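Working notes for the structure below.
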Amino acid sequence: AVLDMDIRKCMPCGPRNKGHCFGPNICCGEELGCYFGTSETLRCQEENFLPTPCESGRKPCGNNEGSCAASGICCSNEGCMVDSSCDQEVMFP
């Protein structure tokens, strides 16, 4: 196991590199939303060849198995799901 290593940010991806890779076929960004298996995600496959782990997103979600990728979306390297804890603003009536 690799412990005490600096976890680096995953590669940037998407239009104008405004997103980050969340898995080999997932690219998400606050302003972009998420791309799945598109040309925007091709660069994310390069992560598979890098020796160090990476992390995207800031806030953990999905039972701490993923992190917030875009407004209302939680992603892990397996996929993404809707998660209200990732909403940009939680409105109170």
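Keep in mind that glycine also has a Cβ here, set from the backbone N, Cα and C atoms.
Annotation comment: Swiss-Prot describes Cys10-Cys54, Cys13-Cys27, Cys21-Cys44, Cys28-Cys34, Cys61-Cys74, Cys68-Cys86, Cys75-Cys80 as disulfide bond, evidence class similarity to another entry.
Of all Cβ atoms in the protein chains displayed, 29 besides its own lie within 10 Å of the Cβ of Cys28 (disulfide bond). Using a 10 Å Cα-Cα cut-off from Cys80 (disulfide bond), the disulfide-bonded residues that qualify among Cys10, Cys34, Cys44, Cys68, Cys74 are Cys34, Cys68, Cys74. Nearest Cα neighbour of Cys61 (disulfide bond) among the listed disulfide-bonded residues (Cys13, Cys27, Cys28, Cys44, Cys86): Cys86. Of all the disulfide-bonded residues listed here (Cys13, Cys27, Cys54, Cys74), the one with the fewest other CB atoms within 10 A of its own CB is Cys54. When the disulfide-bonded residues Cys21, Cys68, Cys86 are screened for a C-alpha within 10 angstroms of the C-alpha of Cys13 (disulfide bond), the residues that qualify, in sequence order, are Cys21. When the disulfide-bonded residues Cys10, Cys21, Cys34, Cys44, Cys54, Cys75 are screened for a Cα within 10 A of the Cα of Cys68 (disulfide bond), the ones that qualify are Cys75.
For Cys86 (disulfide bond), applying a Cβ distance below 8 Å and a minimum sequence separation of six or more within one chain yields Lys59, Cys61, Cys68, Ala69, Ala70, Ser71, Gly72, Ile73, Cys74. Cα separation, Cys54 (disulfide bond) to Cys21 (disulfide bond), rounded: 9 Å.
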